[in-house]
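Residues annotated as coiled coil in TrEMBL: 55-119. Taken from TrEMBL, the feature domain 'FtsX extracellular' applies to 59-151. Sequence annotations record features per position, and here TrEMBL assigns domain 'ABC3 transporter permease C-terminal' to 175-293. Sequence annotations record features per position, and here TrEMBL assigns transmembrane segment to 21-46, 171-193, 214-239, 272-292.
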Amino acid sequence: MKINTFRYFFRDCFRSIKKNSLMSIASIISVLAALVILGIFLILAFNIEHITNEMENQLELKVFLKEDITEAQKDSLENAFDSNSNIESFIFETKEDALKNMAEELNQYQKILEGLEEDNPLPESYVVKAVNGEKIVPLSKELSELEGVDYINYGEEYVDSLIKFSNFANALSLVVLVILTGISLFIIFNTIKITVFARRKEIGIMKLIGSTNWYIRIPFLIEGSILGFVGSLLAVLVVRNGYYFFLGILQEQSGILMGTTFATPEMIMPQITTYFLIYGIGVGAVGSLFSMRKFLDI
């Protein structure tokens, strides 16, 4: 295709946008609004996943030992820990260490623990840290089968609740994406449809002189893509600055540091930007194609 042809396409496209400025602005605003709302859900989903991963990586397995465990069995356990590629580190905790740690955690209830030094009911244990949070559940099942292990605790119910909530947020974001995509397509579809109707005589003449279907479609395809691109670019700016503003307020009010609890904009905005641009341009292009196909017999 010649350079002059491309120039014609883009010149024709911008002329159409200028001529139908109100509908073009409406299309841009629809994409902007849809993506800003979607961006809120995406940021929520990203942060839930980020917080869940941080908590999972901080989780430790507490491997409680049987009362009658022998030294040989302890050595066997430590050898099993050393050879397990899913274990990052482990520490042996004696009965005395366990009681001391409990006393520190229950500082306000020291009287309850008085007298336990002589007849300590707490079991010996190993504190095991997995290489990552995803290994916690399978590692727990694996270690529970070792000889000398009584039971294992890692906050299973708490972790399961976090994972379920994360999955729910991701599913909700997907539903919102589908709904907002439909709304954006509808508005852009009608914008291009009005443009096509206004230029029906010109298009008819182009067909009479032998213009191909794609030669007629391409300017409208470019127009829809440009409207979607502008809307998505504006949405990126709004979401990025809005997230910075939100985190700034959060730091001032609670002193929470970015990156320790919430994901920083640098962590999530590259993904959101890429997604927004693909979404915006894609919605604009698809809306244009469908409006041409439905309205014109080309």
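For all residues, glycine too, the Cβ spot is worked out from N, Cα and C.
Keep in mind that TrEMBL annotations are predicted by a computer and have not been checked by a curator.
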Whole-number mean pLDDT, the coiled coil (55-119), equals 81
In DSSP terms, the domain 'ABC3 transporter permease C-terminal' (175-293) comprises 104 helix, 2 strand, 13 coil
Secondary structure of the domain 'FtsX extracellular' (59-151) by DSSP, residue by residue, totals 43 helix, 21 strand, 29 coil
